[in-house]
Each structure stands twice: as C-alpha cells, then as structure tokens.
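Below: one structure, written as structure tokens.
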Amino acid sequence: MDPEGLALLLPPATLAALADSWLREDCPGPNHAALVTGAAPSQAVLWAKSPGVLAGRPFFDAIFAQVNCQVSWFLPEGSKLVPVARVAEVRGPAHCLLLGERVALNTLARCSGVASAAAAAVQAAREAGWAGHVAGTRKTTPGFRLVEKYGLLVGGAAAHRYDLGGLVMVKDNHVLAAGGVEKAVRGARQVADFALKVEVECSSLQEAVEAAEAGADLVLLDNFKPEELHPTAAALKARFPGVGVEASGGITLANLPQFCGPHIDVISLGMLTQAAPALDFSLKLFAEGTAPVCRAYRS
C-alpha cells in the first residue's frame, strides 16, 4: 500500500482531538516563553538527523494546525531518510510555532521510529524468502496507539488488532477462566458470529488441535522456540490446512528469520512498538531571506 494514501485512514476529528490533548498536556497553563518570542511571523525547517523511515506527517500537520501554523513538506510519507535531510518547513507566529515544536517533534520521532523498525522487520522476512505477514501487537503506549499502529502500516507491517473489537483473541487466561480450550472457543464463536475471526493462543500441538477442532480461524503459537515451532505448525496444517498460524513471543529483528517458515502465516513482534528507538528530528528557525542551516551538522 502507498504510504501516502494511509493518511485517509485517520479520521480528521480524531486527529484534531489527539493534537489538542497533546498540546494541553504540554502547556495546560500560561506559556511564559511566548513573551520572549512574541507573535512575529516566523519560519523554521524540520531536519532529520538520523536514518530511518519518515512517518507521522498527518499528526505533525494536525498539531501545527491547532496552533495556526502551516506545514510544507519536501519529502513524502514513507521516505527513506538519509541525514541530514531537509524534511519540511513550518510557518506561523513565533510563539505558536514554538508552542507546537516539541509536541510535533515527539510525535514524528516516535511514529518514524516505529515505521523504521517495521520496515527493518519486513525486510528481514523478505530476505529470508518468507512472504507472510509481519505484524505488530496491542503492546502500545496508552493514548498513543493510533500513532504507533499507523507507523506500523507506513513501515509495511500489518497493524494486527487495533483494539479488542477487531478480533476475538482467546488467550491463556481466557482458556483458564472458561474451563478449557473447547469451551473458550465455543463461547468466542458465539460472540464472533460471522463478522469476526477467532484466534486462540496455544502452548502445545494438543492445544492447537483442540482449538482448530473447536472452530478457531487462527492459532497463535506463543513462545515456541524455532525448532519446536515449525514441526508443530506443519503438523497442525497437515490436519487443518485452512487454519492460520501466527508465531509470537521472544521474536526480535535479529532472530526473526529463524521463525520464518512455509507453515507460518503471521509473525507478530511486540518490540516494534515497545522497543523501537525514536528518530532524531529538530526544528530550527531561520531569518527570512537567509539559507536554513542545521547547525549541529554544519561542516
């Protein structure tokens, strides 16, 4: 999917509400620094100072729209960043531009970090000759899920469940509470009806078979070592070729190729959102009529 088109997934009202909440968190009271800068028309350049994938333009735009500033982009969403890159220009009243600066940079840096990790994971899977789905998880930052899920998509990964309503996931605690795999799946199938798929977390081939027999659409083989994962998935697929198999637990960018195999349909990594390092961006004001310079990298 073209990363540029992904912005259409983001409801404008939600973007505006998120931007407003982030700005209110950062400045809930008087902005004393505004008296230092004043309201004179100003301009600043957004510089990318670390390599990775650019992601989060709609959030950056929404934040500056809230403070009456305009953003002009030089690079499209999903671009590969080679430092030092001139990414965008922001114009508006000086006090407004600086009010939005840190919030916008934080959001863009985090979103781009998730997209970069996702792109690296997808690349590792493809280089291993595997064509399945690399996915994220619900291990996201509270209040920031939309940004992180969007970053996954820009990086080429699947977002997986956006929330609990996107899929009926029967985990080990659900099985324990229900009194067994069969009872848990039966209950899940009743609530899922025709609209939702049912996935069951399993820790053994026996549990996976029970789940498939009970009507699960997907089986999550959780925390399996690669040498155990592939024969288990092969045995399950031999009996239930229509059941999807997801591998998760303990998977990193370094060991991901070991989990790629012909009987694995999805590999999910919580680290794509939990451990992705933020990219380094900076926003630097410059005087009208002068050439913008990223001083930290001036030769």
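Cβ coordinates are placed from backbone N, Cα and C, and glycine is handled just like the others.
Bear in mind that TrEMBL entries carry predicted annotations, made automatically and left uncurated.
Features of the protein shown, as given by TrEMBL:
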BINDING   ARG102, THR137, ARG138, LYS139, ARG161, LYS171, GLU201, ASP222, SER248, GLY249, GLY250, LEU269, GLY270, MET271  substrate binding site
DOMAIN    38-112  domain 'Quinolinate phosphoribosyl transferase N-terminal'
DOMAIN    114-284  domain 'Quinolinate phosphoribosyl transferase C-terminal'
If you measure every Cα to Cα distance among ARG102, THR137, ARG138, LYS139, ARG161, LYS171, GLU201, ASP222, SER248, GLY249, GLY250, LEU269, GLY270, MET271, the residues said to bind substrate, what is the biggest one in Å? 40
With DSSP, how much of the domain 'Quinolinate phosphoribosyl transferase N-terminal' (38-112) is helix, how much strand and how much coil, in residues? 29 helix, 25 strand, 21 coil
Near GLU201 (substrate binding site), how many other Cβ atoms are within 10 Å of its Cβ? 25
Averaged pLDDT, computed only over the residues in the domain 'Quinolinate phosphoribosyl transferase N-terminal' (38-112): 98
Across all the protein chains here, work out how many other Cβ atoms are within 10 Å of the Cβ of ARG161 (substrate binding site). 18
Just to confirm: which same-chain residues, 6+ apart in sequence, have a Cβ under 8 Å from the Cβ of GLY250 (substrate binding site)? ASN223
